[in-house]
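Working notes for the structure below.
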Amino acid sequence: MIDNAIVFPVVVHLFTAILLLFFWRKTIAQRMISIAGSLLAMLVAIGLFAQVWDGGILTMQAAGWEAPFGISFVADVFSSSMVLLTSFSGLAVSIYSATGIARGRMIYGYFPIFHFLLMGLNGAFLTGDIFNLYVWFEVVIIASFVLMTLGGRKAQIEGSVKYMAMNILASTFFLTGIGILYGITGTLNMADLSLKVAALENRKLVDITAIFFIIGFGIKSAVFPLYFWLPSSYHTPPSAVAAIFGGLLTKVGIYALFRIFTLIFIPDDFIRTLLVFLAIFTILTGTFGAVIKNNIRRMFSYLIVCHIGFMVGGLGMYSEVAITGALFYLFHDIMVKTNIFLIAGLIRKLRGTMNMDKLGGLYAEYPLLSLLMAIVLFSLVGIPPLSGFWPKIHLFEAGFMGGHYALIAALIIGSFATLYVISLMWSKVFWKDRPIIEDEGVLTDDFQPLSKFRKSLLVTPIVFLAVITLYIGLGAENIASVVKHIAREMKDTSPYIEAVLGTNELQ
Amino acid sequence: MELVLVILIGVLYASGIFMLLRRSMVKLLIGLILLGNGANLLIFLLGGITKGKPPVIDNAAKLFTDIYADPIPQALILTAIVISFGIQSFAIVLLKRVYVLVNSDDLDDLNTPEEEDI
């Protein structure tokens, strides 16, 4: 079905960003416009998801150029649910930023860039053209460079160099892959590529091209051995920025991996083994990194790496159950990872530090806030019936069915290590008595002096995301039906191809 | 022509990766630029090079039957050049800023220890 409504999630953020540029330096107006824009984007995303869920795949051909000649936009259930989750994260971070971002950053264009970033993410989810995907990736990384460096503290600038170098390198690999793919197939439309790549006889060449995409997306989504930029840069920007980065930027790499490797390159044994191998090492290295870190945000950065392995492993096993599990994990992960970085920011506001040795006694002072954080942290661990538990069942089931025992072992180690670091954090940050620090002047409580309204701006987004996480956990049945639908669409891509190219192309 | 381009692309990729492996920030940037140029030339080469056959249809003809130069790789390269231009200028400004703050060109000096985190 052809419908221009597909581009609304992109357009809403574009216009919000442009509108924000007119209110340069007027931070109160910017905050309100940003929240309103994110709210509107969420409504649009809900509408798009409902439309796709009821009516099937929507397509739009840019400027009426028919596929495969023009640029197609495609919204299937996978794309539209990613757009929906992005809009939830976007709204939460937008509200949080209203108090969590210093005024100095706002007057240099924090909010416009933030909306350009969300626009790029939505575009990447909705495009059906591989070169267009590259362009959206570039939009995302340019916006993220600015958010990363805005403020210009020394640590931040140092982190950005690593972040920037690795992301440019990833884009170059991605571009190289596109070049080769165009050379061997002569098309850029993903649905058309799916047909043409399947018809190629030189499978070795296809595998090599696929590896370029694995490297490109692997760097972006922080897969072993390409993840080292992530833990050395994600702890540096303000927490609101880290939340959107941790929640969405690595996941857009995962989205691209799933899209490319279920539609264009159907993994053969070699690629599957490679992905499972990468997943095992991603989980283990991420785990070991998280265990030794003493700073909350550095620990969370390693947990991102660890949990990326869960999703890549699901893709590597490549059965319907495995993909169901991996996608379920992806949905849960976007919500929870955004939220834990917001929580890290809130802890920093409360105590003035994120070093676990200097923290303590939060539970005694703020019991309700601690309870709220506990829900999110336990969801991350996956204590049943919270959200992290259900995808793992699917992943284990798929692992036993496919005989991937090494991956199962890694999943168990990863899960237990997550439990270990979170309970360590719980006891150090919440239960331990507050340690006596000599120069108290440095560690101030920035939360208490805030007005009630501004406090609620910090807490509301965490509550909002926690409610969604709870829904993913307690309403797992509904989420499971969505991810099963997506997994079926991934296994049988003919509806997607048919929707883009029209029926007569499929013989 | 193809052979020259193949060698050139090989040299650009090799020297780009060599430069990336150095510790100097400026060389890192040069490496990224070389790699980007190599990728652009690769698209140009793999898109198929056809000399003197513009993709323009005669007024009289309805279909294009002749071999023609594919315009898409050039459109792709143009887009990629514009994007990399923007990113590279950002990178240059960022590296200058780093030099002012850290007062060193060595990537190994970019590790503020964990104790200084806030």
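Yeah, the Cβs are placed from backbone N, Cα and C, and that goes for glycine too.
Going by TrEMBL, these are the annotated features:
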DOMAIN    A:129-416  domain 'NADH:quinone oxidoreductase/Mrp antiporter transmembrane'
TRANSMEM  A:6-24  transmembrane segment
TRANSMEM  A:33-53  transmembrane segment
TRANSMEM  A:73-95  transmembrane segment
TRANSMEM  A:133-151  transmembrane segment
TRANSMEM  A:163-185  transmembrane segment
TRANSMEM  A:205-228  transmembrane segment
TRANSMEM  A:240-258  transmembrane segment
TRANSMEM  A:270-292  transmembrane segment
TRANSMEM  A:299-319  transmembrane segment
TRANSMEM  A:325-347  transmembrane segment
TRANSMEM  A:402-426  transmembrane segment
TRANSMEM  A:457-476  transmembrane segment
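Sequence-distant residue pairs (6 or more apart) of the transmembrane segment (A:205-228) and the transmembrane segment (A:270-292) include at least 3 whose Cβ atoms are under 8 Å, placing the two stretches in contact. Same-chain neighbours of the transmembrane segment (A:457-476): 88-89, 91-93, 95-96, 98-100, 331-332, 335-336, 338-339, 342-343, 346, 349, 369, 372-373, 375-376, 379, 385-390, 447, 450, counting only residues six or more beyond its ends whose CB sits under 8 Å from a CB of the stretch. Only residues 6 or more beyond the boundaries of the transmembrane segment (A:33-53), in the same chain, are considered here, and those with a CB under 8 A from a CB of the stretch are 3, 5-6, 8-9, 12-13, 15-16, 19-20, 23, 75-77, 79-81, 83-84, 86-88, 90-91, 94-95, 97-98, 111, 114-115, 118, 122, 482.
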